[in-house]
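> Following this message is one structure expressed as structure tokens.
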Amino acid sequence: MNFDYLLVRLGELTLKGRNRGKFESLMLGKIKQALTEYPELSYESAFGRVYIKLNGADGARVLSRLTDVFGIWTISPVLKARHDLEDIRKAALAVMEAHQPVPYTFKMSVKRAWKAFPHDSMEMNHLVGAHVLRNTPSLRVDVREPDVELRLDIQQQGVFVYCTVVPGAGGFPLGMNGKAMLLLSGGIDSPVAGWTAMRKGLEIEAVHFHSYPFTSQQATDKVIALAKRLAYYGGRIKLHLVPFTELQTTLAQQKQDHLIITLMRRSMLRIAERLAERSGALALVTGDSLGQVASQTLGSMNVIGRAAQLPLLRPLVMMDKLEIIRISERIGTYETSILPYEDCCTLFVPKSPATNPNLRVVEGIEHALGEQLERMVAEAVAGTDTVVMTAQGPEEKRAVPSAEDRWF
Amino acid sequence: MKTYYFDHSASTPPYESVIRAVAELMAEHYANPSALHRAGTDAGKLVERARTAIASLLGAAPSEVVFTSGGTESNNLAMKGILGQTGRKGKHLITTAIEHSSVHATAKQLESEGVRVTYLMPDAQGRIAAADVASAIAEDTALVSVMHVNNETGALQPIDEIGELLRDHPRIRFHVDGVQAVGKVPFDWARSRADLYSASAHKFRGPRGAGFLLVREGLKLRPLLAGGGQESDARSGTHNLPGIVGMAQALRLALESMPERRSRMYELRRRLLAYAKDISELVLNSPEDERVASPQIVNLSYPGMRPEVLLHMLEEHGVLVSTQSACSSKSLKPSRVLMAMGLGEARGAGSIRISFGDEHAAEDIDTLAERLRMTVAKLKPLERD
């Protein structure tokens, strides 16, 4: 069975006062953007809700796409019945039969917003509930803990009938809460951090550091693939590719092996901060998770974090690796993240990196490098290559058909 | 003399553009797609692009596409990949008596290694009943393997119905041999309950030596080949890049034009069936009803006549058809499929298969019918009981 509508409930619980209007119009835009491949859909906004009329589109696919749109609380596939008892009964039975897994108990809940409807809620409860029971021998009523709740929403334009409520991604519509710069490595954590930030309504630009030829083109391709996946959630993502070879090899020659990660990370934050300033981002987002590696101990976070003035957001800081992996599988970045190409964060890793680096020593080394460090940071920023990623791939590539298209 | 090639179910003439692409790819992308250097990664990207293209054409995720060498390997990988795993010995396999030999012989092989096998019998139309699958399910059933379109008769198998009933048995894996169906019969992986779906490029005008197996997300297979771990360890061996990309293009061309090609082929099938009815010596072994027959295969028997005699006489007149299947033509054994349908020795041993494709027009069917009539008339005095 295909449904008539999808009822989308926006994250209304998190909304207060004046924000609602902005939230709702932003949400409608995001929903439409995610569903551009279904031109047949039409949209009706209501208070905290959007009714999507399917007009024959595959409801299951549209629903599945919507579960990845931030700011959506829940989604229900809905049948619309006329103001006619038989039609309502038919629809009620149909939505109950379509419910998976097959429910054993149910209860009715009727909302009569349109008061001109001849039967009141109690009567409807009985008239429709009894019909469903008569036609579904295995079904019982349980008002306390039903497997499903069969809902009738009686409105002036018709009666909406549904029983399935699918949880959405939650959060805020993208861009609602400003912009941040994500430090994106090829690993498991940083894409998850990016997704988490995006779910909170942050628009993300990603920055990736590469040290060719110490890192390979595949490592960069991997990050491009990750950014592309994030763009599936965000529509479009700017990916800044920063040449880091000179900085990294210079730092590696300071004869301070145990501090190299600390030094490197501080330089990365400086570069990311400049890129953030250039594009108006007000925070840096990293995939740090407390205690996971040497650079993510509290001592390291302290010394590294001091290199940046912007707020450092670390959405994964209190999460376990397994939780992070679970999210990364769910959002479709895990398979890419575990590809084996080395990125620059794992290059030149010493046998015993400092877990509690001394800020004064670190600052001393940087001071000794002086203008050279400043010049290398500036050059890295200047040499940054920016690609705009969409869920389909790099944006400029789509315009011109590539030579290899003829083979496909 | 012009040759009329009516053996599309055995192999199809590749698209011109596919032949060109394969040649260009062989010349330009000879590097190993697994190599680290630029030439290798460029080749690797083409493999991945082909994977994404094939996946989106069939409603699958790219990670669900495993490239193989063709139908036989896909079928072997699907079945042994599930049943060859440790702890699976002594499990139960449900398949049918009418599967392609690469499924049938694999079932036999697994049986000899301790897997319990149920072979479901078809009806006289050559169709398996979904209800029979339901009643064959046992506690230890691990795999159901049913083909989508039968390669000898063209009978469409009820894989959607079987899939629906298997939804109540989430632990049972469902393999569908789609080799004869791809490009001819609509199939949507996203909506299907199938866990494994086999395809072969040269059956839909792609290059030979390339095929794929769709493997449901999260399902792990025991590999047939040990080696470099390509295809996420499911299938080692250097990627057949020209074949894979050529296959992706052929699949696109086949699927884009499928609605129009299907109606054309059904038209040809109707025309051929009408002619065949007029030749009283011939009996139809394919389903008459179009709703349960794929559009491109017509199987006829001349009871009492060895089919290879018919085949060779037709060949002398430029018409190429096949007997039951290429591999067993010398054995003189009746067709396993037709025997399972209960059609008897005479019909089972005397069948020819006519399968057509995009290059055929109504006039070609007229020519075929005329030469068939002529051949049967010549052979009539030589009939044996």
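Heads up, the Cβ atoms here are built off N, Cα and C, so glycines get one too.
What TrEMBL records for A:Leu183, A:Leu184, A:His208, A:Phe209, A:Arg265, A:Gly287, A:Gln296 is ATP binding site. Feature annotation from TrEMBL assigns domain 'THUMP' to A:60-165.
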> Please give the average pLDDT for the domain 'THUMP' (A:60-165) in this predicted model.
93
> Could you tell me how many residues in the domain 'THUMP' (A:60-165) are helical, how many are strand and how many are coil under DSSP?
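Within the domain 'THUMP' (A:60-165) the tally stands at 36 helix, 33 strand, 37 coil.
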> Would you mind ranking the binding-site residues A:Leu183, A:Leu184 by how many other Cβ atoms sit within 10 Å of each Cβ and giving me the lowest?
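Among the binding-site residues A:Leu183, A:Leu184, the lowest count of other Cβ atoms within 10 Å belongs to A:Leu183.
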> Counting other Cβ atoms within 10 Å, pick out the least crowded of the binding-site residues A:His208, A:Arg265.
A:Arg265
> Return one of helix, strand or coil for A:Leu184 (ATP binding site), based on DSSP.
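A:Leu184 (ATP binding site) sits in coil per DSSP, no helix or strand.
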> Mind computing the max CA-CA distance among A:Leu183, A:Leu184, A:His208, A:Phe209, A:Arg265, A:Gly287, A:Gln296, which the record assigns to ATP binding, rounded to whole Å?
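Those residues reach a largest Cα separation of 18 Å.
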> If you count Cβ atoms within 10 Å of each one, which of the binding-site residues A:Phe209, A:Gly287, A:Gln296 comes out on top?
A:Phe209
> So, three-state DSSP: helix, strand or coil for A:His208 (ATP binding site)?
strand
